Amino acid sequence: MAQETNHSQAPMLCSTGCGFYGNPRTNGMCSVCYKEHLQRQNSSNGRISPPAASVSSLSESLPVQCADGSVPDAQSALDSTSSSMQPGPVSNQSLLSESVAPSQVDSTSVDKAVSETEDLQGPRAEGLVPLECDPPSSVSDTTQQPSEEQSKSLEKPKQKKNRCFMCRKKVGLTGFECRCGNVYCGVHRYSDVHNCSYNYKADAAEKIRKENPVVVGEKIQKI
């Protein structure tokens with residue numbers, strides 16, 4: 001048993017024959033030889049894949065072809081769509097024709113509407129007869145009355161008599177106005193002096209009748 005354990009623990013040399021000890025984890029090679037082995041594998045894989053220089057050359061050749069005129073199909077499709085989306089040049093004549101057309105339509109429609117209204121109103125207007133209405137007489141009388149009152153108010157008020165009717169003496173504010181309608185001075189103010197025409201007796205009798213009505217008892221009816 002001891003011999004077997006010693007035999008298993010004995011170191012093993014590198015499989016490449018470099019003289020160093022190998023490791024079963026690195027396929028029996030030493031660390032240096034294992035690194036070189038990995039580098040060789042990587043280099044061999046890189047030769048199979050296309051180099052970076054060829055890729056850059058392809059990317060440079062594409063814009064050159066586009067400049068020469070050989071445009072890819074995708075680029076031509078994009079150009080065609082963009083050209084279809086862009087509006088074409090609009091001429092001044094087309095704009096003028098579009099602006100004039102609505103105005104002509106509006107004017108023609110207005111003329112038709114006016115002609116129709118005239119046709120409808122024509123027979124009715126011919127059949128109608130204007131009526132003349134005279135203002136009522138009461139209204140005319142009421143309008144004339146204020147005018148007459150205004151004319152009277154505009155007239156100058158009559159001046160009061162300031163002279164005695166008998167002696168023609170100026171009495172001013174000290175004159176006495178009699179019931180007969182004349183003004184007299186202090187001497188001629190009495191009715192018996194200036195022979196007054198006013199009937200004082202009849203006036204007094206009328207006042208007595210109004211103030212003292214006749215009182216008559218009811219008659220006794222016989223049974």
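Glycine residues also receive a Cβ, built from the backbone N, Cα and C atoms like all the rest.
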K169, K201, K219 - the residue Swiss-Prot records as N6-acetyllysine: K219
Residue among the binding-site residues C180, C196 whose Cβ has the most other Cβ atoms within 10 Å: C196
C178 (Zn(2+) 3 binding site) versus C33 (Zn(2+) 1 binding site) - Cα distance in angstrom: 172
Which of H194, K219, all recorded positions, has a Cβ with the fewest other Cβ atoms inside 10 Å: K219
